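Read through the structure below, which is laid out as C-alpha cells, and then see the notes.
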Amino acid sequence: MSEHDMQNTNPPLPPLPPEITQLLSGLDAAQWAWLSGYAWAKAGNGASAGLPALQTALPAAEPFSVTVLSASQTGNAKSVADKASDSLEAAGIQVRRAELKDYKAKNIADERRLLLVTSTQGEGEPPEEAVVLHKLLNGKKAPKLDKLQFAVLGLGDSSYPNFCRAGKDFDRRFEELGAKRLLERVDADLDFAAAADGWTGRIVARLKEEAAKNRATPAPQTTPPAGLQTAPDGRYCKADPFPAALLANQKITARQSDKDVRHIEIDLSGSDLHYLPGDALGVWFDNDPALVREILDLLGIDPATEIQAGGKTLPVASALLSHFELTQNTPAFVKGYAPFADDDELDRIAADNAVLQGFVQSTPIADVLHRFPAKLTAEQFAGLLRPLAPRLYSISSSQAEVGDEVHLTVGAVRFEHEGRARAGGASGFLADRLEEDGTVRVFVERNDGFRLPEDSRKPIVMIGSGTGVAPFRAFVQQRAAENAEGKNWLIFGNPHFARDFLYQTEWQQFAKDGFLHRYDFAWSRDQEEKIYVQDKIREQAEGLWQWLQEGAHIYVCGDAAKMAKDVEAALLDVIIGAGHLDEEGAEEYLDMLREEKRYQRDVY
C-alpha cells in the first residue's frame with residue numbers, strides 16, 4: 001500500500017486538547033525521543049515493549065510565580081525584598097527569592113516576572129552584588145527581555161546627587177530591552193519604610209490580578225511572619241539595638257597627622273551578638289548638644305517647646321538631640337526651608353538642581369540658618385528634617401581573637417565652614433563625646449558579600465586605603481586564629497608612613513608570625529611624586545597574576561568615588577598585561593571573579 005493510500009484510508013485525527021498541547025510544548029529532545037518510542041509501542045501492542053522508564057516526568061503546567069531579587073549594600077534592600085516575598089507568599093503567589101550575589105546574570109533572559117529592590121552606592125553605581133547584571137544589561141551581549149514583566153524599587157539618599165541612580169538605570173534598561181512594567185518605579189529615601197510598604201502592597205495586588213488572568217492555582221495561603229524588624233533568633237537588631245559599653249578610644253594617627261583616626265573597642269558582653277569578618281557594626285548616636293543649642297538659638301525657639309518625635313511628645317531640644325538628622329543636609333531641607341527664609345539667593349539655589357546639589361554637599365544645616373535667617377516654629381523646623389539614621393562601620397576585629405568585644409576603626413570627620421568648626425554626627429559622638437564605660441547602642445549588620453574564602457588554604461589579596469584597612473585587620477586575625485594555610489597579601493595606602501600607618505606594630509607582628517606573607521605600602525605624600533595603592537598594584541602585576549592563577553581572592557575596601565574605581569582600572573591593566581587578554585577579555589575575567597566571589601568590594 002502506498003503512502004498516499006495509507007493517508008486516504010486512515011480517519012482524520014481529532015485535534016489535541018489544549019492542555020496536552022501545553023504539556024508537549026515544554027518537552028526537551030530526550031523526552032520527545034522517549035515519548036515517541038513509548039507511543040509507538042503502545043500503538044503496536046498496548047504495552048511499553050520493555051522501554052526503560054524516563055526519570056524526568058512530563059512537565060506540569062508552569063505555576064504562576066515571580067522572582068524577587070535584591071541588590072543591597074547595607075542590608076536595607078535585602079530586608080525590603082524579604083518582606084515583599086513574605087507578603088507575596090501570604091497572598092498565595094509562588095516566589096523565587098535570591099540576592100544578586102547568588103544569581104547568575106544570564107538567567108535574566110529566562111525570567112517572566114521579576115521584582116528588583118536595589119540600593120545605590122558611590123556616585124550612582126549599583127551595589128557590588130549587582131555589578132555583573134548591570135554590565136550585562138548595558139553591554140553588547142544584553143539579552144532581549146520582551147517576555148519579561150518587571151517592577152523596580154530603588155533605595156537611596158536624597159542628599160547625594162545621583163539619588164536612586166541604580167534603580168533608575170535598571171528600570172530604564174529593562175524597558176529598553178523590551179520588558180513591560182508591572183508598576184512604575186518607586187524611589188525611596190533613607191526613611192524608606194512607608195514607600196517600600198506602599199510599593200509592596202501595590203505589587204501584591206497587581207500580581208494577584210495577573211495570577212487570576214492566568215487562571216493559575218495559587219499556592220496555599222500562609223500567615224506572614226511577625227516582627228520582621230527583629231532578627232529571627234531574637235538577637236538585638238537595628239530596631240532594638242544593644243546598649244553596649246565603650247571600652248577604649250585610642251587615637252592611632254600621629255599628632256602631626258591631618259587625619260584623626262580612632263581605634264574603638266566596645267563590650268558586647270551579655271548581648272549574644274555574633275559577627276564574622278567582613279560584617280559592619282551599626283551605631284546609633286546622639287547629636288552634639290552644642291549644635292542643638294546653636295540651631296535653636298538661630299531659630300529663636302525655646303528648647304522646652306514640645307513637639308512630636310518618635311511617637312512621643314518631647315521637648316524640642318531632646319527631639320533634635322536623638323531623633324533628627326542635623327549633620328547631613330539634603331535638597332529636600334533646602335527646598336522646604338527656602339520659603340521661610342524669603343531670600344532671592346536661596347530661592348535661586350533651590351530652583352537649580354545642579355547648584356542645589358553642590359550647595360547641599362558643602363553647607364551644613366546650621367550654616368544654612370546662619371546664612372539665610374528665618375523664623376519657624378519648632379514643629380515646622382522638625383518637619384523639614386529627616387529621622388536620625390545609624391551609621392555603619394566596618395568591623396576591624398575577629399571574635400575568634402577578641403571574644404565579646406567588637407573593634408572599629410573610625411575616621412573622625414572634622415572641618416570648618418565659614419570659620420565655624422563642624423564634625424560628623426556619629427564619628428564626633430564616638431571620638432569626642434562618648435566617655436569610657438559610656439553607653440552606645442549597636443547592632444550587627446551582616447555583609448555576606450565580603451567574606452573570607454570557605455577554603456582557608458586559598459590566598460587572599462587585601463587592598464585598602466585609610467580606614468579601609470579595618471576589615472583586613474579582622475581578616476588576618478581570623479586567619480591567624482585558625483592557623484590558616486592560605487597566604488595573605490596586604491596592599492595599603494595613606495598619606496605618610498610616620499603619621500598614618502594604621503596598626504603598624506600589628507602588621508609587623510603578623511608578618512613575623514607568618515600570617516602576612518606579602519605587603520606593599522603606598523605613602524602618597526612622602527615623596528614628590530604621589531604614590532597610591534593602584535600604582536602598587538600595577539608595580540606588582542606579575543605577582544598578582546600568579547596569585548590569581550593560584551586561586552586568590554581579591555578584596556577592596558575604601559572610597560567608592562575615587563579609590564575603588566582606580567583600583568579596578570589597575571586590576572584590569574594587570575589582567576591585560578600579565579594575563580595577555582584584550583580589554584573585553586579582561587572585563588569578562590573580572591566578571592568571572594565576581595561571580596565566583598573571588599573579587600569582593602566593600603566601598604562607601
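Heads up, the Cβ atoms here are built off N, Cα and C, so glycines get one too.
Source: prediction; values computed, not measured.
Straight from Swiss-Prot, the features:
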- 66-204: domain 'Flavodoxin-like' (DOMAIN)
- 72-77, 119-122, 155-164: FMN binding site (BINDING)
- 212-231: region 'Disordered' (REGION)
- 216-231: compositional bias 'Low complexity' (COMPBIAS)
- 239-453: domain 'FAD-binding FR-type' (DOMAIN)
- THR327, GLN361, ARG391, LEU392, TYR393, SER394, THR409, VAL410, GLY411, GLY424, GLY425, ALA426, SER427, TYR604: FAD binding site (BINDING)
- SER524, ARG525, LYS530, ILE531, TYR532, VAL533, GLN534, ASP566: NADP(+) binding site (BINDING)
Cα distance (Å, whole number) from TYR393 (FAD binding site) to SER72 (FMN binding site): 16
Using Cα positions only, nearest of the binding-site residues to TYR393 (FAD binding site) (GLY122, TYR160, PHE163, TYR532, GLN534): GLY122
Set of same-chain residues at least 6 away whose C-beta sits under 8 angstroms from TYR160 (FMN binding site): THR120
ARG391 (FAD binding site) versus GLY75 (FMN binding site) - Cα distance in angstrom: 13
Which listed residue (SER119, THR327, THR409, SER427, GLN534) has most other Cβ within 10 Å, given these are binding-site residues: SER119
Spatially closest candidate among ARG525, ILE531, VAL533, GLN534, ASP566, the listed binding-site residues, to ASP157 (FMN binding site) (Cα to Cα): ASP566
Nearest of the binding-site residues (SER119, LYS530, VAL533, GLN534, ASP566) to GLY411 (FAD binding site), judged by Cα-Cα distance: VAL533
Other C-beta atoms that fall within 10 angstroms of the C-beta of GLY411 (FAD binding site): 19
Cα distance (Å, whole number) from ASP566 (NADP(+) binding site) to SER427 (FAD binding site): 26
Most Cβ neighbours inside 10 Å, all chains, among the binding-site residues PHE163, TYR393, TYR532: TYR393
For FAD: widest Cα to Cα gap among THR327, GLN361, ARG391, LEU392, TYR393, SER394, THR409, VAL410, GLY411, GLY424, GLY425, ALA426, SER427, TYR604 in Å: 24
Spatial neighbour of LYS530 (NADP(+) binding site) that is closest, considering only the binding-site residues SER119, GLY122, PHE163, THR327, ARG391 and their CA atoms: GLY122
Which listed residue (ARG391, LYS530) has most other Cβ within 10 Å, given these are binding-site residues: ARG391
Whole-number mean of pLDDT values that fall within the domain 'FAD-binding FR-type' (239-453): 97
